[in-house]
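Visitor: So that we are looking at the same thing, I have put the structure below in structure tokens.
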Amino acid sequence: MSKQQNVSTFVSTLCRCGRTSSLDDNSQIARGRLECGHYICADCWHYNNPLPTPICNICNLHLQAQEIPRLSLYVTAYNDMVGRFKELERIHSQKIHESKQANEVIAILKAKLASFQKAQPPNGVASLSSPISPAQPHPNTSIVSSSSGIKSPVIDWQSEAGKQFSVYLIKQRETLAACQRECESLKSRVNELTAQLEAKNHPNAETVTATERAELMEAELEGLHERLAQCEDDLEKARAELGAANSQNQQISKEAADSRKEAAQQRAAMAKVRFEIASLKSRCETAERDLASARASLKAKDEAIKANARSPRGRSIDLPSPSRSAAERTMVYIPTATELEQSATRLVSLQNDVSRLNREKSAIEQEIAQLKESLKSQEEENRALGGKLRQSAELASEIGKLHLAANSRAEAAEEKLLDIQKEMQELKELMETQAQENKAMQNTANIASGLTKLTEHRSRIAQLESQLAEVTCVRDKAITQCEIWKENRDSWKRWGEVMALRAKQWEDEALKAKTPLARDALSIMPEEPPLMSPEGPPDLGKSRKRPFDMPDTDVDASHAAAKPHTDQGSPITVDSGGEGTERKRARFTAS
């Protein structure tokens, strides 16, 4: 369906399928914008400004991302068909080998049957007084012959040789009857085994239950193995932790013993220091008492000296005392200068001794404080070591409990493992017996059904060969069509570049044109791409979508020169539903 609309200069875009559509008309084509700024629809590429430009790298990547899965479809199908053909070829060779073996068995049976038939005498001999059907004489049996060495045509059944021959024929008849009975029993056994094999192909509930039980037991066995390995790992870790805890405990015990020794030494030093402090205290007290008495005597002497300063030396004066009465007053000796100097010197020495003792006392008190602090720190360290020892003991007890629990779990797991192994052994024996029976039945059924299925396999192989030939032909056509599509894509690319250059020329000419053009020169039709070639296999395009089923187009053909366009002319006819739309509709209906 054609549609008339006014289109400004360079607003429309030419798609790769040959259609001309407007970018601002979203009702015609559902587009999707790419990262590069170009637009894409279900079938074609649309470029936004101003005309179709050469395909950029992102467009190429998008195109390849669309092409690779679709082109790989035929390759995957071809590889699957080749693998299937190889598998059928292997089956065919196996069946041919089985048929050869069956033919050999049949030939042996035919030879035996011919030997039995040759052993039977002719009708003339059978009409004689023979109690049995004739058969070929035993090699050790003597044959009645004439004196000339020619075989006699008549057998004397009453003679010794005839009786022996009759016995031999009876044995051969019994052997033949036994072989026939054995053949019948084998046939019935083959039928029975075939029925059993068919029944085995559909296992009953007991077999399924046993198989599921075996699988569950195998899974449980694997879980027990994992748990046992985990228990062993935990046991090793616990042993390592126990060894580390023991070594740490020994180290802590050694440190505690050292700290005890140091504490004992410090206690002895403290006792010694205390004794020295007590002796120093007693000495200090004695010195203080002596000093006090000396001060009192010196004070009394000073007072006496001050009172009797002008009195003659060497006299004793009476020292007044408020606490004494007049009768109780005593006489005080006034020392001389030498005695005063000696007493002053003694006083200075006593003061020096007192200051020295005070300094020693302060130093000893500081040392005592330091020893007390060190004792407190040692006690704290001892408490910390005791806590560590308790923690190590608790950890050792917990590790021992874990060790015992792991040992018990390991023993239980080993017992359960032994039980499971016994059950697994029984199940394996049962499964081996069933497998042997199934194998015997399978071999018998294969030998019995090999001859009947040989013709079916041959016909199937012939059919597959014909299908392979068809697939090969389709593959070749697809490869050819892919090459054609590649050439068309390159041609469309070159055509787009040419149209872009022409559009640029038209724009330059329209901008340079100063004078108004004629009315007929302003009315132009957008240049359409060349018509698509109807060649190419139509069946391939039905299962494909654009741009992969693009037909051959003659993009290098000569085109009419396009003219610039203005808004003054008649409206441009945009064929949005022409031949391209018909082709798209046909393609969508086919797909």
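Cβ from N, Cα, C; glycine included.
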Visitor: Under TrEMBL, the annotation region 'Disordered' belongs to which of these stretches: 13-35, 82-104, 243-265, 335-357?
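Guide: Based on what TrEMBL states, region 'Disordered' spans 243-265.
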Visitor: State the residue range annotated as region 'Disordered' by TrEMBL; the candidates are 125-145, 188-208, 272-292, 503-523.
Guide: 125-145
Visitor: Please find, within the list 296-326, 420-450, the residue stretch that TrEMBL describes as region 'Disordered'.
Guide: 296-326
Visitor: Average pLDDT across the coiled coil (340-474)?
Guide: 79
